[in-house]
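This report refers to the structure that appears directly beneath it.
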Amino acid sequence: MQRATGVLRILGSFSQRCSPSSSATPSRFQTMNSRRKRNSIRKAAAIEDLVEPRKVKHVTQAAAGMEEWIGSLNNAAIHMALDEFMRRPMVRQLAKENGINDKLFIRAFKSFREYCTPEDLSSVDPGLLILMSDISKGGKDCEMLYPFFLDHSKQVFPHLEAMDDLRIISDLTRPHNWYPEARSIIRKIFFHAGPTNSGKTYHALKRFGEAKSAVFCGPLKLLATEVFNRTNALGIPCDLVTGEERRFAKDNHHPSQHLSSTVEMLSTQMRVEVVVIDEIQMLRDEQRGWAWTRALLGAAADEIHLCGEPAAINIVKKLLEPIGETVEVRYYDRKSPLTIADRAIESYSNIEPGDCIVCFSKRAVFFNSKKLEENGIKPAVIYGDLPPGTKLAQAAKFNDPDDECNVLVATDAIGMGLNLNIRRVIFNSCTRQTELLPTYAALQIAGRAGRFGTAYANGVATTMRKEDLGTLKTILAEKVEPITNVGIAPTYDQIETFSFHLPQASFVRLLDLFVSVCSVSDHFFICTVYDMRELAVLIDQVPLPLKVRYTFCTSPLNTDDKRTAAVFVKMARRFATGQALTYEWLMDMLEWPPKPASTLSELSLLEQNYEVLDQYMWLSMRFPDMLPDEPRVRDASKILDKMIQDGVEGFMSLLAVGPGDNSDSREKRLSRPSEEKLAKSASEKPTRKSSILEALLKRTDISEEDLDQLREELNKKKKKP
């Protein structure tokens, strides 16, 4: 297996899901995928750009009788010797052999020259002065300065002393060796491969229930909770572990032999008979892929059952080759047909019961929900920021044939984790963040249409706008390229050992240096380090032990939200003082109790507060002594979940809808500029003469009426003291 050092992929890449086509002339979609692949690769900064030089102190007391040895040596003579030293090719060659490249050489030489030419030469190392004197008299060659230069360089850049050790510590090319418990077992690997709604997970879960001891690893806590509930309902005691909670079938003194968990919570030390790893294709995920790689290589079980897309089969086999494990593949076909409609929806009046409009932003969810309400259709709503309870409640309303909410508007969060009786999946757009949907993502979403054993067994996929339908058909017709790279992440032990050699480096600097010098093999890319670094920057000035800091920085927090990021920093600061993060302290910070949401901004505030409570519960699982009030905070989160449910129920009042628009304006807003124009306008920034609101109007579907309403809300906020 080839070893690739130096430049690494930090934030994952789309290379594993956007491989170039084997055909001579790639399609437009493959070309765009290749471009996305190139643009998504983040190169690690070179180590010489990361290290900070240290000041080398002069000797405080000169050796007696130095004048006799150095004679008439002065700074001018020293400068001449140093200039000649710097120009020697042999000196540069020796420097490179010791890890000092050209950029580091210039920085180290500048420091060395400053050290050698102070106003008072008596403060310089006597041995160096004697050599300088001999060189100036022609008795010695300037290349003999190299040992002094190298010693000085290692004082200026301490990492040079430990480069070999740092490279060994940060070697990520053999992750199989990180899991001795799994390597002590001759494991049987079964791959249940098939599309959505093929029954692949069902067959793996049958083996889960039959085993004497088993663990289910799901991608979401919603799915882990569903398996937990269903297993216990079948009379098989099963515990639940997610990042935020642990629940027992009986009690914590009597753990069950069956466990349902999120994939990150799998213990690689626990020996069981069966482990089921769902959605194995998530290996390619740029943020969480490391967890599936870890589960695949580290699960200590006699049988490993993998469920997922066929695109992951080859990479799974390659990952297991070095340890001599083979894979038995079992293929499953979709149980009910999925067809692509010949016509787009085009008008909200064509929406029917069982339809699901899939959007790729919360704003688009709000917009489409408003238009449906204006057409007399009350939709259920699901998007990523909603708490699990609210998502389940909205899913239940949509699935209930007697409920008036028989249409769903959702983000691509419905791609996994929720059982939904969808007849038609309607793509509101074929782009996500101005980029075309990759084929595997479009198939995952479209596959939610039609559910075996329900009234909507036959699924249909289409688009809202007719100009998108051809694009969707082309995307879905593309072959899903086999996954070629999977995520990997450094362990805490590696980071800790790394820090021993660089005791003065901050945690942010440690992460940067680790990524710069580490090695990964061709089948891996580094993920999570970028997200971890964002959190590390937030608490860089907070004095925390390394283990605590590392744990804080691995928490699943959305740093894009400034409020939750600010609360995260406050939690870290209080932790650093040794004060417990109590329920009273947390509630005071959140200005509890919250007010019911009467606007979208107030609903968003409730969602942010829920994320803060979620963060508290996540940390309390790891530091129960410092965050002692997890039960009370969990009760508060349930209250908040219910308030958010109520807010979503009163969706139209939150949208502050005015009089209905005429049908012509509605139809006009259904049309959208081409994907090329959309991508171009998204990159345009407002000029000084244009307002931010006008710029937003140009690059979104916001209507003039929506804009007036937005201005009105902003003016109200501005008038508040």
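In case you wondered, yes, glycine gets a Cβ from its N, Cα and C as well.
As annotated in Swiss-Prot, coiled coil covers the listed stretch 692-720 rather than the other ranges in 112-140, 170-198, 692-720.
Secondary structure of the domain 'Helicase ATP-binding' (181-319) per DSSP (helix as H, G, I; strand as E, B; remaining residues coil): 55 helix, 38 strand, 46 coil.
Put plainly, the binding-site residues N197, T201 were compared by Cβ crowding within 10 Å, and the winner is T201. Take the CB of P195 (ATP binding site) and look out to 10 A: across all protein chains shown you find 18 other CB atoms. In sequence order, Y332, R334, K335, G447 are the residues of the same chain, not among G194, P195, T196, N197, S198, G199, K200, T201, whose CB sits within 8 A of the CB centroid for the ATP site. Scoring each of the binding-site residues (G194, G199) by how many neighbouring Cβ atoms lie within 10 Å, the top position goes to G194.
Other C-beta atoms found within 10 angstroms of the C-beta of T196 (ATP binding site) number 21, with every protein chain shown included. Most other Cβ atoms within 10 A: among the binding-site residues S198, K200, that distinction falls to K200.
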